[in-house]
Amino acid sequence: MSSEAVSYFSHPFPRRQSVGVSVGGVIVGGSAPVVVQSMTNTDTADVDSTVAQVAALHRAGSEIVRITVDRDESAAAVPKIRERLERLGHDVPLVGDFHYIGHKLLADHPACAEALAKYRINPGNVGFKDKKDKQFADIVEMAIRYDKPVRIGVNWGSLDQELLTTLMDRNQDAGAPLSAQEVMREAIVQSALISANLAEEIGLGRDKIILSAKVSQVQDLIAVYTMLAQRSNHALHLGLTEAGMGTKGIVASSAAMGILLQQGIGDTIRISLTPEPGGDRTREVQVSQELLQTMGFRQFIPIVAACPGCGRTTSTVFQELAQTIQDDIRRNMPVWREKYPGVEALSVAVMGCIVNGPGESKHADIGISLPGTGETPSAPVFVDGKKVTTLRGPAIAEDFQKMVADYIENRFGLDQKIAAGQN
């Protein structure tokens, strides 16, 4: 599976040059586009539930999916999950999330070690005191044996306390001590880099190592990843841990990662959202895609532009139509992506009145300007910048939906036929 299958825009700033890492065929870093990944919240030992959620995340556009491997039952389930997913046509790479006993689980379950595409190691809890380096080395040696990459994932909530204490003591002895926050940031960065250096000394290539350093505050995340980017060329996994629920989590993650991505920092992202009760786990994938697409780094799905509404648009018709078109696009994208290559570049405008409606509609591939309050009950439609018709009557929404479907068929279906004919 290749992440190159989705369109990639040129980056407005030079991308930080990192070493590319292949994760089950998906390239993270190097010149590859920023990869979207996610994580399940099922009990991995529950094969049916985990397969269903991984499949849903993959269909939504997650290019890598992480699963918890926390005990023998979970490790034993991994090859079954991998096999079931492949039978269903989901070749998405699976990452094993290990804490505390990862070295033991990988040794005791070789089929699990083989089935996973990457191992996540947390330096803060891989082992303690004299066992730490040995157990870290055990996992790295497993990665070498099975030719797997690792993510060395530092998290401020489980930071190596010995390292933090050492840096705090040194700072206390210094003439111009840093703040506790600055020492914490330095400890996070050092934990990642020391662990990466140790992995390389053991024999793991730099093209097998991805680093992450997750914190829960936006300014800390920006500072920590900026430091990491300056001190190494390892591929970087961005994520704001414990971002929270709903709007708060989306805004915090987007603010932090948007700034880093704009500076060319970051090779793969996960937006960690706390699901609302009964919420859809795939929401985090959608938000990740929308962040990258809004910033112009990648294209995943056609853009539907719609005005926010004002006193001129007291009717909800344009809002309902915009939502219907967006939902229809999302529902059909898994099929359209295969059937109509390039369709993710489509732009659609659904506008609510005469002020900006015609202009915005002309700039879209296909757009409609619905009548505002007091305007003539008609809706001009523009295709490729030219007015092609005016819709009237109670079926304006249905008529425009059909025009969008016909446009996709005629434009992107024709492109595919021409390409097939040339071959």
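Yeah, the Cβs are placed from backbone N, Cα and C, and that goes for glycine too.
In Swiss-Prot this protein carries:
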- Cys307, Cys310, Cys353, Glu360: [4Fe-4S] cluster binding site (BINDING)
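Where Swiss-Prot records a feature, it is marked here on the structure.
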| residue | record | Cβ within 10 Å |
| --- | --- | --- |
| Cys307 | [4Fe-4S] cluster binding site | 22 |
| Cys310 | [4Fe-4S] cluster binding site | 12 |
| Cys353 | [4Fe-4S] cluster binding site | 23 |
| Glu360 | [4Fe-4S] cluster binding site | 20 |
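Excluding Cys307, Cys310, Cys353, Glu360 themselves, the residues of that chain whose CB lies within 8 A of the CB mean position for the [4Fe-4S] cluster site are, in sequence, Pro308, Gly309, Arg312, Thr313, Phe318, Met351, Gly352, Val355, Asn356, Gly357, Gly372.
According to its DSSP assignment, Cys307 ([4Fe-4S] cluster binding site) is coil. DSSP assigns Glu360 ([4Fe-4S] cluster binding site) to a helix in the three-state reduction.
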